[in-house]
Every structure is written in C-alpha cells, then in structure tokens.
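Trainee: Have a look at the structure that comes next, please.
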Amino acid sequence: MKKNIVGMLPEDLVPWLGREGEPSYRARQILRWVYEKKVSSFRDMSDIPLGLREKLSASFVLGTTRIAEVQTSSDGTKKFLLVFPQGDSVEVVAIPQRSWYTVCLSTQVGCPVRCPFCATGRAGFRRPLAADEIVEEAWRVSQNERARITHLVFMGMGEPLLNYGELTRALRVFNSSEGLGIGSRRITVSTVGVPEKILQLARDWPEVNLALSLHAPSDDLRNFLVPLNRTYPLKEVLAAVREYLRLTRRRVTIEYTLWQGLNDGEVHALQLSRLLRGLLVHVNLIPGNRIKGTPFVPSPPERVVAFAALLQKHGIPVTLRRSRGQDIRAACGELYRIHGLRGEVADDYCPEKRCNAAGN
C-alpha cells in the first residue's frame, strides 16, 4: 500500500531514499514541492530527476482525500467536505480575514464526547484521524484556495486531546519550517477538558494556545452539557488548567456557549466569575446556534451582553464572539456532514467548539 507523503518531514523520507540509493538532500527538495508549492502530481516536481519521480509515484501518494463539496458563506467563510478513501469524511472550515487566514481542523470522524447541543456529537463517533489525515486537511484547503495559512485552530469535529498522539505528530509537521511552517503561537488546541493531556500539552507544546470549552459553571449543569465532565469533573479540569498556567505562563481561553434559560442567567455568570477568579484566562462568550433536532435555544443578544457585563464587573476579561459561517452551517456546533462507509451523507449532526478564533 502506498504511503501518504503529505504529513512527512525530511527525517521520515530519508530512510526510503537511502534504500532507493538516492541522496538524503532530496528529501528537503521533494517536500518543498509538497508543502510550499503544493503540487498535485509527482510529475510536476521539475527539479527532481525523472527516475526518482517515477519511484515516488510507485511508493507514495500526494494526499488521500478529495474535496467533495465547498460551501461559501456570505461573510467569506468556507466549509469543505473532505472524503477519505474508505468513504468517511470530515468538515474543515476556512476563515479568511484581512491579515490572516485561519483554518479550523477536525481530529476525529464524529466525536465520542456527545455533547447534546453539538451536531458532531449527536452524529456519533466513527474513528480518530491519523496524523497525515489531520495535516492533509490544512494542506488540501491551502492547495485548493491557493492561500497561505497563518493560523490553525483545532475546534472542528472531535476532541483533540482524546487523539493526543496523532495530534502532536500533526503539530510537528504544522510547526516545522520544513513542513507548513506555522508558528506555535498561531496554533490553538481546544478541549472540553482531559486533565492529564492538558498537562502533557503544556510540557510538549508550551507555546501552543489552549482553549477550554467550559459551557457551564457547575458540575451538575456541565454533566448534562459536556458528558465527559462525569469522568473529569470541574475540580480536576481546573486543577489541570492551574498547573498549565504555572508551567507555560500563557493565558488560557475559556469558551462558553450561551443557551437561553439554561446557562445564561445572573447566577451562572456569578458562579463562573467565582470559578475563574485569580486565573490568567480570557472568556469568549459565544451565542449558541440552533441545531436540528435539539431543544436548545440561543441566548438573545441582551442576555449575552448582560452576562458579559457581570463577568467584567467581577474582573473577568471577556469578549463577545460573532459566529462566522452561520448561513452554511459552519459555525459553533454545526459541523455534521459525515459520509457513511457506502458513501451516503448523514444529514444530522459537530463540535461544540467555535470555528472563528485565531491564535495569538
């Protein structure tokens, strides 16, 4: 079976070159064509000897996915449906802005966390993505759009820290100057809270941004909204955040999606301010998005503003976030298109995570 060259770095390619009797410097040459020029065929690598190009074609593929659909929002956001050879798929969101180009990546097909307000979670869990598949999401979008990606946010389908090994292997390629060359501080990993992996991320990737999808200020409510809280309650998650802050000295983003009459009241704002007091955090308030088949109603603007004002009054920095791509269902909680193994599309249910943030 041919290997995917997208997702490799020179040290991954050098052993193969040695077996083929080729010099090791060719690895960097070949991968410049992959990551800088994003060619779609080995034939296009014009400064690589023809014989080596033929060997590459016999042993490797330049990507395994195909873009089955691209939807463009009125605000410029684009949503891509990427289909894998076995027939399953993920959605990827691109957010072009004046001075940067952010891509929101998925780490799993579906999501095992199963948040009830999240379309991906409601669709169920298929499988984790391999590192090369995660890398290819960004590579394929960049190739298709002829765009230089400046920021990455892991806020798409799936829980990144439940696929930690493949996530960090992908980060290695994203961050390398011989890969996609995206600085660590321009990459954000969002999680609902897996304490031991939060600490591992702090040690392995201290410059990568961390976002915690909190959504509730108490265990009772969070057990309902984020079922993984039953395994990792708030006390454990916030203890990990405190240790993360000690190790990295970098601010953590707290993501809080607001639902009318559920988690948007004065009592919730006061609980949240007490929970976060003294921590180096910044709260992003995100009005929820309606998801087909769920009873959740987004908080009205006046409730969102009032909630933010209470947090600010108690010394918690806060930003009101506007969801991008709502008209193409690319906003918070709306990624759901999953191809079945026979190629059908399940028209129901994504991550409870926002896809409109850029790392700093």
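The backbone N, Cα and C atoms fix where each Cβ goes, glycine too.
Feature list, courtesy of TrEMBL:
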type: ACT_SITE; residues: Glu91; note: active site, proton acceptor
type: DOMAIN; residues: 97-327; note: domain 'Radical SAM core'
type: BINDING; residues: Cys111, Cys115, Cys118; note: [4Fe-4S] cluster binding site
type: BINDING; residues: Gly158, Glu159, Ser190, Ser213, Leu214, His215, Asn289; note: S-adenosyl-L-methionine binding site
type: ACT_SITE; residues: Cys332; note: active site, S-methylcysteine intermediate
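How about a rundown of where these features are and what they're close to?
Mentor: Its own atom aside, the Cβ of Glu91 (active site, proton acceptor) has 27 Cβ atoms within 10 angstroms in the protein chains shown.
In the predicted model, the domain 'Radical SAM core' (97-327) has a mean pLDDT of 95.
DSSP assigns Cys111 ([4Fe-4S] cluster binding site) to coil in the three-state reduction, outside any helix or strand.
If you draw a 10 Å sphere around the CB of Gly158 (S-adenosyl-L-methionine binding site), it holds 32 other CB atoms from the protein chains shown.
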Trainee: Which of these binding-site residues is closest to Cys118 ([4Fe-4S] cluster binding site) if you go by CA atoms: Glu159, Leu214, His215, Asn289?
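Mentor: Nearest in space to Cys118 ([4Fe-4S] cluster binding site), counting only the binding-site residues, is Asn289.
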Trainee: Tell me, if you would, which residue among Ser190, Ser213, Asn289 (binding-site residues) has the fewest other CB atoms within 10 Å in the structure shown?
Mentor: Asn289
Trainee: Report, in whole Å, the straight Cα-to-Cα distance of Cys115 ([4Fe-4S] cluster binding site) from Leu214 (S-adenosyl-L-methionine binding site).
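Mentor: Given the Cα positions, Leu214 (S-adenosyl-L-methionine binding site) is 12 Å from Cys115 ([4Fe-4S] cluster binding site).
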Trainee: Using Cα coordinates, what distance in whole Å links His215 (S-adenosyl-L-methionine binding site) and Glu91 (active site, proton acceptor)?
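Mentor: Cα of His215 (S-adenosyl-L-methionine binding site) to Cα of Glu91 (active site, proton acceptor) measures 23 Å after rounding.
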Trainee: When the Cα of Cys111 ([4Fe-4S] cluster binding site) is compared with the Cα of each of the recorded positions Glu91, Gly158, Ser213, Asn289, which one is closest?
Mentor: Gly158
